[in-house]
Structures are given as C-alpha cells and as structure tokens.
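Here is what Swiss-Prot says about this protein:
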BINDING   103, 105, 130, 132  Zn(2+) binding site
BINDING   250  ATP binding site
MOTIF     10-20  motif ''HIGH' region'
MOTIF     247-251  motif ''KMSKS' region'
C-alpha cells in the first residue's frame, strides 16, 4: 500500500485556534507523510508573523511536518502567493478547452441577480450571462479595461459523486452549483482552485478538513477532472461547538494555541483533548503522539458536532501536570516562582504542585504563601481564623515549639492543649497559615513553612500580636 500523504494548509491571517489545530492534528495522525502549505493568497491580511506563529504552534504541539517550509520566508514550493505562474498555466489550459470563460458582471449585477433568484424561491447561482460572449466582444471589453473574473463552465447535466471517508456517499448536481469563479477580478486565484491544484501537484492523497468545506469538494473535483489531475480522498470532519451548541468562537470559549501555551497548558493536554473531539479512543490515559497515531482510525471520526468543554481540557492538564518529570515541571514554573522556592524544599514543592495546581500562576501563589511574607487574609477567611480564639493559637505555638519537624506530633499536641478537633481544628489552622480554607495537605504546608514564619502567622491571632 502506498504512503498516505496529508496536508495542513492554513491561511496566515491570524493565530491558530482550536478548530484548525484539531484539523492539523487529525491530518498528522491520519497519514504517513504530513505536509505544511501556506495559503497566503489574501495578500492584504496575510502576515509573515502569523506564519512564524503557526509554525511555532505546530512544533509546540509536536506536529512537525515532513514536507513544507522551514521558515517564514516565502518559498515558491510551499507559499501560494509565489505560485501564480503555475496557476496561470492551468487557467490557460481550461480556457483553451473551452471550460473557463471571462465574466464581466459587476458585483452589483450579481447581487441583483442573487436577490431575484432568492425572491422566486430558487437557490442562487450564476445566470450564465457571460458564458457565451463572442470572442470579439470579449476582446473589446478587455481592451476597454473592464475587470473580469474567470469562471469554470459547469454543464447543467453534470453530476459529481464521491465517497467521503467520514460522511459517506455524496452527490452534487451541476445545475445546483452553476458556473463558479476560479480567478478573481484582481487576478488572484479563488481558494478552491489553487487549493485543488496544489493538492494534486504535491501528491496529497487524503484531505482532512472541516465539514464547512464539503460544498467546495464538487467544484474541486470538476477542476481536477477537467485538467486530468489526480484526485485525493476527502474526509470532512465535524465542526467544534461551544457549550451553547454554537460554532466555537471567542464568545463561547475558543482560545488560540498561543494563548493556551502562555496560560501554562502542557502540549500533551491540548493534544489529548483535541484528539478526542470527534474521535473515540479506547484508552482514557494521557497518550503520546505515537500512541495517538496508532489508535487513530478515520472510521472512528464522528459526524455530529464535537462539543468543546474547558473542563475536559483541564482534566487532561491535570494528568499532564501529575505525570510531568521533575525537571519539566520545574521549568514550567514562572522564573519568579523558582526564585523564591528554597533548594531544600524544591522536591516537596513540586510534589505539592502536582497534587494541587493546574497552572503556573497557581503554583506561584502557593510559593509566595509558603516561602514569603506576602500573606493577606480576606475578611471571611480572617473571621474563620479569629473564631478559634486566642487560646487555640497559643496552644498551637506551644505545640509547634515542642514538635517543629513532626506534623503528627504537632497535631496531637494541639488537640491535647486546645481540645479542638475536626473542622474546628483544621479550618482555623489552615486559614491562619495559608489564608485559604482548602489546598495542599496541612502536613506538607507544616513541613515547608519555616518555623519563625509559622510562629508569626499563629501569633497574628493572639493578643500578644496587638
């Protein structure tokens, strides 16, 4: 069996978000050779910095490509904006075959025609007004400098059929499509034209993309057939929706890969979440890319919308944090956090992070609670601490002095001296020492708080501190 070649072909007009990151992931998992192509024909919006960002995002996710550009400098092999001569050759071939023609209709004329068709209950498609202009009329209009698009001629009796690897048999009637634009009036190629040409010339054998591109497929298949170019297999994956059922957007939870990285998500967490958005894996464990690739089956891709839930992402983040090696976890922390953690408590602090934190900012908060004097108690937390009374804290100071290194002995001494137990013991103690009512085990906190700092925090709730 020949190698399956897939591709990811983003437009560098912004940052990569979850939807196109999942497309890239499924494309990488669903083939033997993964190609990156830059579709930058929108010259006004395409930016070199977005190319650099998307390459950085893909590499961070572990999705390196076997073929494609290695830098943001435009390369005619992989950047569509540099392949105009190639597309021009195929435009000429279509015109010579009589399968494409110039259209001089203005945007206003097309809009009027569209409204008339909609008003009469018909689906809007091109009327064919310029389809049979005499050659001398076409020449005259060109000489007058009239702008023209180039349209592909679609026979009304043409039927396009193909087997979608996700959605099954597909059938489109030519009369429902109409003659469509393959080159804009400014000379730039239409998306589905250069997209199809490049897929053929680059040997792409499987195209995985969002279901919103399904309607482009019959157009591309007609173009490829007209030019005797090979056609790939198509797999149109479900779209991602937010928790409100609407397409995922900034409004309902979408974030860029760059934003997730800056928030401290591990790439393994993002990849595992994306891999299960619309695809089933038997394993519920955090899987590496080799295991995800081994378990990927295009027949397991669902047709229903894939619902994004940030709690699922955070679940995978928790597994990634808990499974991270010490050195990885240490360098995941903010530089400022590492600076305040004493070497003697590094291993213990990392153990605390694994059990209690999802993000570096949370770890930073605990580092400052444990290793600095930056503790401030909110009014409700202070009220819990104060409710225990002065005698409780005097007893705690005595117990800590007696058992500075043994939390179990400290706790037994505090119980004996104060008579407190259960929540009346643990809640005020936690509130006074950490400024919180939940968090890491008190035994870990007791071991990491240096004893002068611990004594000062307990003394804050005695009359001696006033």
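Each residue, glycine too, has its Cβ placed from N, Cα and C.
Annotated features, which come from Swiss-Prot, shown on the structure.
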residue : record              : contacts (Cβ under 8 Å, 6+ apart)
103     : Zn(2+) binding site : 126, 129, 130, 148, 149, 150, 151, 179, 181
105     : Zn(2+) binding site : 113, 129, 130
132     : Zn(2+) binding site : none
250     : ATP binding site    : none
Within 10 angstroms of the C-beta of residue 130 (Zn(2+) binding site), what count of other C-beta atoms is obtained when all protein chains are considered? 19
Taking every residue in the motif ''KMSKS' region' (247-251), what is their average pLDDT? 85
Around the Zn(2+) site recorded as 103, 105, 130, 132, what other same-chain residues have a C-beta within 8 angstroms of the site's C-beta center? 101, 102, 104, 126, 128, 129, 131, 133, 151
